[in-house]
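Annotation source Swiss-Prot lists N-acetylalanine at A2, citing a large-scale study or a structure entry. The annotation phosphoserine is assigned in Swiss-Prot to S8 on the grounds of a large-scale study or a structure entry. Among the features that Swiss-Prot reports, transmembrane segment is placed at 123-143, 148-168, 207-227, 256-276, 279-299, 352-372, 410-430, 438-458, 592-612, 621-637, 640-660, 673-693 (among others).
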Amino acid sequence: MATADEFSDEDTSPIEEVRLTVTNTDDPTLPVWTFRMWFLGLISCSLLSFLNQFFSYRTEPLVITQITVQVATLPIGHFLAKVLPKTRFGLPGCGSARFSLNPGPFNMKEHVLISIFANAGSAFGSGSAYAVGIITIIKAFYGRSISFIAGWLLIITTQVLGYGWAGLLRKYVVEPAHMWWPSTLVQVSLFRALHEKDDQRMTRAKFFVIALVCSFGWYIVPGYLFTTLTSISWVCWAFPRSVTAQQIGSGMRGLGLGAFTLDWTAVASFLFSPLISPFFAIANVFIGYVLLIYFVLPLAYWGFDSYNATRFPIFSSHLFTSVGNTYDIPAIVNDNFELDLAKYEQQGRINLSMFFALTYGLGFATIASTLTHVALFYGKEISERFRVSYKGKEDIHTRLMKRYKDIPSWWFYSMLAATLLISLALCVFLNDEVQMPWWGLVFASAMAFVFTLPISIITATTNQTPGLNIITEYAMGLIYPGRPIANVCFKVYGYMSMAQAVSFLNDFKLGHYMKIPPRSMFLVQFIGTILAGTINITVAWWQLNSIKNICQEELLPPNSPWTCPGDRVFFDASVIWGLVGPKRIFGSQGNYAAMNWFFLGGALGPVIVWSLHKAFPKRSWIPLVNLPVLLGATAMMPPATAVNYNSWILVGTIFNLFVFRYRKSWWQRYNYVLSAAMDAGVAFMAVLLYFSVGMEEKSLDWWGTRGEHCDLAKCPTARGVIVDGCPVK
């Protein structure tokens, strides 16, 4: 990559990757405020926010991203450009200004804004608004109530607060050329590919329709007729009476040795579509996954019986008593929604499955290793680029953007002030529902403000975004224990507002490269966020009130899809960090104090790698050892399971290694299109199945609809532990 000193041409970017991907031209006459943009953008945002929230409670929660909309809206946009009338007419109150439903051909700038709308509908890649989890755990797990208005304010303010941080930092991490945001180049490449002239017999649009129909038609098989195909765990079939064999072979509750799926939702759940992940990322995830699942976990469980691991399932996100029974969480919550210490001491300390304990330890290590790794391997580069961003000349893209009216700073200041005031009112006047005191909001906002700039710089220059959710949970758990909802509210305001800010800034940089007027970006992001958040809570409220025993796996009908795996982990985190508190889990009063050593191990790991790199500079493979990626490879487990990882790695390797290497022209034309079509086809069929047979509770009952047939995988292996449905040694 060229450095700033080596670079002198003022008409190109100083970053080589940007020079190769982003055009240095702009046509400011292209219309962006078109009927097509608003029509397709609002529909896309509404549809994605509905579908993503709808799927979020399912066992395999498919996340439909903006790429689906990017591909699907292209032919629709061209169709509207052909059929809409071109007549120009005036609008009341607009003077002599004229407006047309069809100002000309469907252009790339319209397409970008539609995709930004869609990105808001997918909560910027997260699926649904993170704060919806608070409403879910209150209603479905704790069995308490929260008002709709309190829930809506939580969702909207936590997202818009992130927008305020983004506005304050836009000048520092969007406009400078050296803040180049590598992930945006994928989007730029896709937009350019989609808008190139397509003279092939099999156009991208035709391929998309064919693949969508196939995906739509096939999903009825694993989605309704033969649900066992979601996790084909053949080891369990071969050893129907062996607990150990089923622990090893279960794709949903075990190590998943040999388990695979024929269900796209299982492939793309949690980790998103493997077709859009580069192979080097897949390889890093594979190494980290294999090390944990097939080496560390078996050794800790069967080899050392660490923390009495064999008293509990090997793979579970549930919480347990010391004798292996499921912990009765509601029993230790008093009428004030706080920890009942006497009832807690009666049940005893909370115990985790070996896998769940290791994931927290690896989470600690990942946080520490990320900071150390970035400081050692990228610190000088980040410092140089940030210095250049102040002193360096404007690049061609920043100069081209000067043609458009900038966003006044007072827009962001006003938004930030209003959001903080509304949030303070929420904490003061609805404190009985959210528990968080006003000083908690101030502390969370201060943490978000402090961390947003360095995290944005790291993401903009290295494409790594350190996850700081555990830090916020840990801090609030130490300061204000015994109050679960206060803890998760603190996490959402502190961590997620920062994460949202990074996502907003990423979109701003995409608009910067695509030469989208900044005020158009502002309004589309803001309107999309409000619309998506409102639809998220409306759909969640409907599902929580209409699906009987939703999220209660032990009370749901067999093989019900409404198990809420992500919210189960969110609930467990509220218990561990908020209700019981880290002192009683990872401190002197808990069983897992030794897990804190993972912080030190994670911090020292990159130092060792960096030292080896300095000692042996000719060994080119040493700096490729990326410990944050390796340690964080299984960050989505739980709720993700072994079958999700197995299938994601397999499919990603096929397409992004073999197809990419040996059929590159096909990959360039159709890979992203296929990914979008698979997501869309499954989404439409799943919704159709729910409204046609799901609401009527019409289900099939035969061997192929009774799960993966690994019922013994949930059993402990220690002697004398009694669990319903499990053999006693």
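Glycine residues also receive a Cβ, built from the backbone N, Cα and C atoms like all the rest.
In terms of C-beta pairs under 8 Å, the stretch of 207-227, 352-372, 640-660, 673-693 lying closest in packing to the transmembrane segment (279-299) is 640-660. Put simply, of 256-276, 352-372, 410-430, 673-693, the stretch with the most CB pairs closer than 8 A to the transmembrane segment (207-227) is 673-693.
Ranked by the number of CB pairs under 8 Å to the transmembrane segment (673-693), the listed stretches 256-276, 352-372, 410-430 are led by 256-276. For the transmembrane segment (410-430), the residues of the chain that approach it from at least six positions outside its boundaries are 147, 149-150, 153-154, 157, 160-161, 163-168, 436-438, 440-441, 445, 493, 522, 526, judged by C-beta separation under 8 angstroms.
Only residues 6 or more beyond the boundaries of the transmembrane segment (256-276), in the same chain, are considered here, and those with a CB under 8 A from a CB of the stretch are 55, 58, 60-63, 65, 67, 125, 186, 215, 219, 221-223, 229-235, 248-250, 282, 285, 293-294, 636, 639-652, 655-656, 671-672, 674-675, 678-679, 682, 686, 708.
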